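> OK, TrEMBL features for this one:
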type: ACT_SITE; residues: D69; note: active site, charge relay system
type: ACT_SITE; residues: H294; note: active site, charge relay system
type: ACT_SITE; residues: S463; note: active site, charge relay system
type: DOMAIN; residues: 61-498; note: domain 'Peptidase S8/S53'
type: SIGNAL; residues: 1-24; note: signal peptide
Amino acid sequence: MNLLCNIRNLLSLAILTCCLQSLAQTPIKNWQLLDHEKDGVYGIGVEKAYSTLLKNKKPKKKVLVAIIDVGMDITHPAFRGAIWTNQKEIAGNGRDDDGNGYVDDVHGWNFMGECKVETYDCIREYVKFKSKYERLTDTLTPGMRQWTKIKTETESFLKFRERIFNRTEPAIVALSILNAYWKNSLKADSVYIGKIIHSQLPAGIDSNVIKAQKEVLTKVFPGDTLRRNALTLQAVINGYQNVVDLYKGEYLTAKTIIEQNDAGYFRKKSPGDDPYTNTDIHYGNSNTTTTMPHGNGVAGIIAASRTNPDMKGIADWVELMPISIVSQKVIGEERDKDVANAIRYAVDNGAAIINFSLGKKSSPQKILVDESIRYAASKGVLLFAAAGNDASDNDLITDYPSAYFDDGSVADNVFKVGATTSGPSLVWKFSNYGKKNVDFFAPGDDIYSTALNSSYNRDSGTSYASPTAAGLAALIWSYYPNLTYKEVAKCITHSVEESNVLVTKPGSNERVPFKALSRLGGMINAYKALLFAATIH
């Protein structure tokens, strides 16, 4: 397929996306807190619980929730009074006052330190194996088979990213030219779509491309003006640019590491981190601020002030502990070493719940993570993790971290959460699923939550389903602090009602019962969980 055809297809897709977005109904704010029986929306019944079961009651204990993510903007007004403070640490004195090995960790910790980029496990493993196996020819040894697999994965990784940004950059140029032309046309209020064909074409735009856009637009909005579409086209351009920035960043980072033959090339910027060993734990710095809104979105779902007029969190008596293990450019994937150390840091500093809205498809040092999960269980800590956004079956390709240990045993404190939507389709179309490896579902589509600089934003993903479950755990524990972690987990799992409702399996057109997509076969419910908690506390 030639380049012009590729660009034409991308343009058509972009414009169609604009049109469909303008047609789509935006869910009401806080829909995840509503109740299907009471409100007709597939929320988890938080507001129903507050207005009935918790009416005239007060929480008995603040619950500490660790947000292992990209960091947080802790100055957001919705988090006022909800940020964890290490009372044993004196801010800014450059000393480890509490002797825990982390200097000035007043509000959390950043295991990335000054390292702004990261790469993927396959790249790290490629460099690790390369010097030993690159020139060997015996393909029968386990090490050589592993090297062949990693080499193939790395080559595919690089080719895919290079192909994406090489094809997308010309589309951005073409879209930008078209957008400029549309904006110029909008100076007249009654410019119709059809006028594109009869006007002088801007330089750089092929007439067939313009015709393709006219066909798409006139089918969706017959006789409509350009205004509705031009207003959203810039957002599509920005989205394409984000794709280019991401894939080019991942490509260049990986190439640098390979050329330097140094898996720890960028991680050397993290103070105290020896990237060539897994035994060190005291590295990074106390700067948990971020330029990415992801961590704030996650945290807001759990604990945004219940008196906040813009959006409300689930639990009203919570402290949040930000722990960063993801690069500020969100390039690459988290190291197992950082995952394990972040879990241990959270546990050692009093977290009762850990939210992990991250994930990956490999775990070279899984034993480190497994040991930290076992450690968390020994201290009574629950961990909620996103199921993944690939519309794939986690039973076929594991999404890490996983509750399943290498020895065959299963962690009873780890829950993988799939995402639902507010509408009748119920299951979010990109959510991962798995009868064995996804425990249950929770709202995660088009969630309105906290962002950066006192703002709010809508976003979708299992990243937002996981904190919905974590928030429910925090809500239960704040009112029933004497419950064990196993009992809180039982409250949540007991609230899941197996559902025979037919849904579309993500990534396909196949209709299946909702219960076929997760271990417990349904969605969590705060009202039912708290009703059960009242009987066992």
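Yeah, the Cβs are placed from backbone N, Cα and C, and that goes for glycine too.
Where the annotation comes from TrEMBL, it is an automatic prediction and has not been curated.
Since this is a predicted model, take the numbers as computed values, not measurements.
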> Express the distance between the Cα positions of H294 (active site, charge relay system) and S463 (active site, charge relay system) as a whole number of Å.
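About 8 Å separate the Cα atoms of these two residues.
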> So if I measure Cβ to Cβ from S463 (active site, charge relay system) and keep only same-chain residues at least 6 apart in sequence, which ones fall under 8 Å?
H294, G297, V298, S357, L358, A386, N389, G444
> Of D69, H294, which of the active-site residues has the most Cβ neighbours inside 10 Å?
D69
> Specify the secondary structure state of H294 (active site, charge relay system) as given by DSSP, simplified to three classes.
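Assignment for H294 (active site, charge relay system) reads helix.
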